[in-house]
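Taken from TrEMBL as is:
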TRANSMEM  12-31  transmembrane segment
TRANSMEM  69-89  transmembrane segment
TRANSMEM  101-118  transmembrane segment
TRANSMEM  138-159  transmembrane segment
TRANSMEM  171-199  transmembrane segment
TRANSMEM  205-223  transmembrane segment
Amino acid sequence: MAMSFFDQFASPSYLGIPLIAIAIALPWVLYPTPSTRWINNRLTTIQGWLINRFTSQLMLPLNVGGHKWALLLASLMLFLITINMLGLLPYTFTPTTQLSLNMGFAVPLWLATVIIGMRNQPTVALGHLLPEGTPIPLIPVLIIIETISLFIRPLALGVRLTANLTAGHLLIQLIATAVFVLLPMMPTVAILTATVLFLLTLLEVAVAMIQAYVFVLLLSLYLQENV
């Protein structure tokens with residue numbers, strides 16, 4: 001029986017245990033923890049430098065109240081990057097291709113930014129629903145449109161991450177299948193196709209990192225509007 005290309009996105013299980021739980025828990029094991037010594041090794045030093053640079057860049061447009069989210073956003077960034085990169089390895093499963101997981105990240109964090117805005121500065125938060133200088137006849141229509149766009153934000157966050165990773169994995173599998181089919185018939189074309197597959201894999205590595213950064217960056221922009 002021929003397997004569907006979409007079977008790679010089904011959550012596998014072994015002995016009744018869903019492997020998505022292991023895939024979600026694995027990234028935290030891969031990062032070294034700083035030691036109690038005064039001088040760390042090179043890997044820990046580079047890791048700390050990258051996290052500090054990312055956190056400072058992300059927190060730059062936020063005021064002091066938004067800096068409380070630094071640990072959460074930096075941890076989410078590392079988590080998403082690691083899961084996306086591990087999903088590019090053979091015989092692995094990418095949890096972020098599941099819309100349910102991405103929405104589980106997007107909805108609570110987006111809702112937290114909205115609640116913070118309504119609690120700290122309700123006038124400013126509600127003011128985003130109506131641009132300044134709007135003609136009176138357009139006020140009801142613009143309020144409805146802005147409200148819909150506000151509630152679409154978490155859906156856009158989850159769908160963007162899911163769609164980009166799903167499309168990349170499908171392209172890799174399609175081209176890899178074409179390489180195996182063309183190899184006995186047209187070796188030259190198969191080699192050229194394999195070269196395209198290698199370049200696409202490099203592109204997917206970049207997409208895996210960029211999509212994790214975009215997810216966290218958009219969350220920080222939503223937070224910036226409400227703090």
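Each residue's number is its place along the chain shown, starting with 1.
Yeah, the Cβs are placed from backbone N, Cα and C, and that goes for glycine too.
Predicted automatically and left uncurated, TrEMBL annotations should be read as such.
Keep in mind the model is a prediction, meaning the values are calculated, not measured.
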**Report entry** Considering the transmembrane segment (205-223), which listed stretch of 12-31, 69-89, 138-159 counts the most C-beta pairs under 8 Å
**Finding:** 69-89
Query raised in the report: In the same chain, which residue numbers or ranges, 6 or more beyond the ends of the transmembrane segment (12-31), come under 8 angstroms Cβ to Cβ?
Result: 47, 78-79, 82-83, 86, 92-95, 98, 101
